[in-house]
Amino acid sequence: MLAATLGLTACGNGGANNGQSNAEGKSNNSDPNAPVKLKIMWQGADIRHQAMLKTQEVYTGLNPSVTFSPEYMAWDDYWKKLPTLAASHSLPDVLHMDGAYIQEYATRGTLEDLSDIDLTGVIDEKTLDNLKINGKLYGIPISRNAQGMAYNKEALEAAGIELPKKDWTWDEFFDFARNARAKLPEGVYPISDTDTWDFYEYYQMGYGKGTIIQEDGKKFNLDKDLFMKFYGIFAEFRDKKIVPPADMVSAFKENDPQADPMASGKVMTRGATVGSVGALEQLMPGKIDVVNLPVGPEGGGWAQPTIFLSVSTDSKHKDAAKAFIKWFVTDKKAGETYGTNFGIPIYDDVYNAIEPSLAPKEKLGKKLYDTAKDKALPFSPAAAGWTEWVDNYKKTMDAVLFGQKSLEEAYNDISKSGNALAEKLSKSSK
Amino acid sequence: MIKTLKNNKVSNHLMLIVFSLLMLYPVIWWVGASLKTTAEMSSPSIWPSTPIWENYTKGWQFSPEFTFGRFFGNTLLMELWNVVGGVLTSAIVAYGFARINFKFRGALFSILLLTMMLPGQVTIVPQYILYNKLQLMDSYIPLILPHFFGGGAFFIFLLVQFIRGIPRELDEAAKIDGSSVYGIFYRIVLPLIKPALVTVAIFTFIWSWDDFFAQMLYLNSVGKFTVGLALRMYVDQFEIQWGRLLAMSLLSVVPSVVLFFFAQKQFVEGIATTGLKG
Amino acid sequence: MKAEAVHKPAAARLRLTKKKAKSSNRNNLAGYIFISPWLLGFLLLTVWPIIQSFYLSFTEYSLLEAPTWTGTQNYANIFKNDTDFTTSLKVTFIFVLFSVPLKLFFSLMVAMMLNKNLKGMNLYRTAIYFPSLIGGSIAVAALWRNMFNLNGYFNHVLSWFGIQGVGWITNPHTSLATLILLNTWQFGSTMVIFLAGLKQIPNELYESASVDGASKVRKFFHITLPMLSPVMFFNLVLGIIGSFQTFTAAFIVTQGGPINSTYMYALFLYDKAFKHYQMGYASALAWILLVIVALMTAINFLVSRYWVFYETDGGKQK
């Protein structure tokens, strides 16, 4: 109750130098020192938990009236618990959001619009615009992410295969696979087969045909020619054993020590993000390197934030929550406290302060980001309501991999369900 | 005669040993894997080149604030209540259904069974909202309470079946001796279904140990976490701390194994004490 | 009391009781006192969520926003144009059809094997029960994958017999069979219930049969099976109810794949509820499952009167 009156207008003096953002509270006629307990929830591993707890301690040190009631867990449990909390209107004040989920939560009214947090000079306008959903900013990005590829440098060099180069084209990617096949031993494959929608979408976007899901899920756009061409090449690769057989592919599980396509030694390359490449590095220390995704005439891959802090509409302390988030992203001391535990910090000043102390796996992540940045296209997550279509895309393509469906049938199934869904969503929004 | 009996015994033992080993393969794999580094997990050999005992020591030392000792304590305390509640109330309820004719018994028993058939996934959210309104979040009460209300249809039905296997003449004899229904329950039925009650205790213990979904929903502070929840903290989005995860999961099975080992002796004693006459 | 139809199974007997309306007031009071723990819990904690889920099955409910009433649309969609529904129902029926009898048979055999007075039996029992103790954690998923992948333990054992294995859980033709096997491997709970049931059979019965010179096989069919039938019935009913709701194995080992080949009904329902934010639809699925399982259970109770034997005063089978 007290917190609702705290009224910290975070859009005060902007810039990055305010470790004392609570002072801005005076714009409201309330007592800035009235105690507030912020419920805060995030996911991750223990190092991140410790860093986050420490950061909250620092904040409370600077703003004694604000204390925290933290709740933290690992990724899976976090996303399992959140819907139930939303259903009972007990979402925490501040919560961790992810690019894969924010659309669902934002469009369904569980998150607060944070556009009024002034981030001038901290995050550039273009990045923020990319992140907006229906023109509103539902999460403040805290780190950078990018999509690229990892490859087994050690094994490729040993086999005398030319390593992938930055900004390689899709044709070069396919040629790499064909050439490498001849030089690799049997049972080891240059690239893996593909069954997920995003990998094909990079191809479609690279060739200028746009994203598959458009207008917040109300328009569906699957280019038949590119679809047939792309998967036609993979069909050829399947025949020539350039990609592994279907039952091997369906056994792959990324970052699992025994089932990861690369860590198991079966495949030389795979997709990787800034966040996941560090895990792969742990599995095969010193053996891997990174490159950006193959590019088309328009570019390829993406490089933008996917981790956010959001404020829930259930919150009774919205202003205090916003003030904390702003401090978290813009304050150097905050950045030094949590370091790279949320990825590469978004704010350059914060990043530069911690750069000298990066671990090898973090350097690899940074390298991936830098490589991907130049040719990056916008990140296009599935819109709200599309998770099931995404699952079915994979199932349909798996049927193609196992030879149970023709490519033509797969195209028809996928586009039929996609069009139906887009139509349904555009109707319900009218 | 004696010789064939002996041979029989030997072959019995042999069969059991082979079968046990087959079933125990997971433990062997598990012990080996729990001593490996993450990078070594992918190697096909069962045993690590150098055992990493750190998986156990560091794994136990969960975080700067809490060790696994805390989580085992939390879980065992919760389990104690669950088992007591489950054993006590399921027997009482089962006796009512099995032995007493009361109005609407058939209908109520059908409802009892029906509650088992609705998948829990669709009632868990309304249930959560209910407990949330009762302000019981971040406590063990939502986890323990159901065990004091009969312990669930499974156990009630199980005990009903066991009680109905007891000859009614025992009831009748006690009745002639002047026992009330309560006396019969306490002095005749309860001792006779001891093996089944032990079963209820074992299953309650093991199943609530595993029931992470409810624990995850209702417990918020890490200090209150159960072993099952704490283990899940080792599974990050990209990085799983395999060594620690496997080491601590192996330890987490120990209480159940110990409980089972000692409790199943009751099955043996079961015969000696029942002494039923046909 | 004596006049009660003791040879009839639960449902039939319960019905008879009602018809005769023999229950006295004193019995009513005692009965309700005994069942009061369950009845209270049911009224206080269970009935409201059940009613809620029934209501939600007629709504569109994402969990993230309030439910909106859509009438019978969920049910119509499920029956008219949901291929995942038919697929998962088919997969689940096959699973139930094979795994229930297999598990019953296997666990009864093992229970009989473990129901002997041998030295070290405690250890054997614990070892054999172990796979059922380990639950469904992520560690166990890794273990299962390790057992059933291309160069896993299972294929290793097969190779002793000269059989060349496949990637059991990643091949759409074998994945369901593997899950059935896996489920059978965790036969422990069923086995323990059998064991407790076997312990309840009075030794005198076997002794007097031995005196009469009955063979082992004869003893099994004339003493063990009938005396065990209430417990057998329990395991059958619960096995079917449980198998229809099988979730963990598919969830952690195969995630329903490859290509829906192990897409169990409960997993489909879970995906709808918590992954695709369609709790209303999931609730409708749950109520459809309830009807199916209730029908199966009712049939079970009806058939049980022909084979389930309940102890009576002096009613021993001789």
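Glycine is no exception: its Cβ is also placed from the backbone N, Cα and C atoms.
Source: prediction; values computed, not measured.
Pulled from TrEMBL, these are the features on record:
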TRANSMEM  B:12-32  transmembrane segment
DOMAIN    B:72-263  domain 'ABC transmembrane type-1'
TRANSMEM  B:80-98  transmembrane segment
TRANSMEM  B:107-131  transmembrane segment
TRANSMEM  B:143-163  transmembrane segment
TRANSMEM  B:184-206  transmembrane segment
TRANSMEM  B:245-263  transmembrane segment
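Segment contact is absent for the transmembrane segment (B:143-163) and the transmembrane segment (B:245-263), given fewer than three CB pairs below 8 angstroms at sequence separation of 6 or more. For the transmembrane segment (B:80-98), the most Cβ-contacting stretch among B:12-32, B:107-131, B:184-206, B:245-263 is B:184-206 (pairs under 8 Å). Same-chain residues lying 6+ beyond the ends of the transmembrane segment (B:107-131) with a Cβ under 8 Å from its Cβ atoms: 97, 137, 141-142, 152-154, 156-157, 160, 213-214, 217-218. When Cβ-Cβ distances below 8 Å are used as the criterion, the transmembrane segment (B:245-263) is approached by residues 30-31, 33-35, 55-56, 59-60, 68, 72, 76, 79, 198, 201-202, 205-206, 209, 227-228, 230-231, 234-235 of the same chain, each at least six residues removed from its ends.
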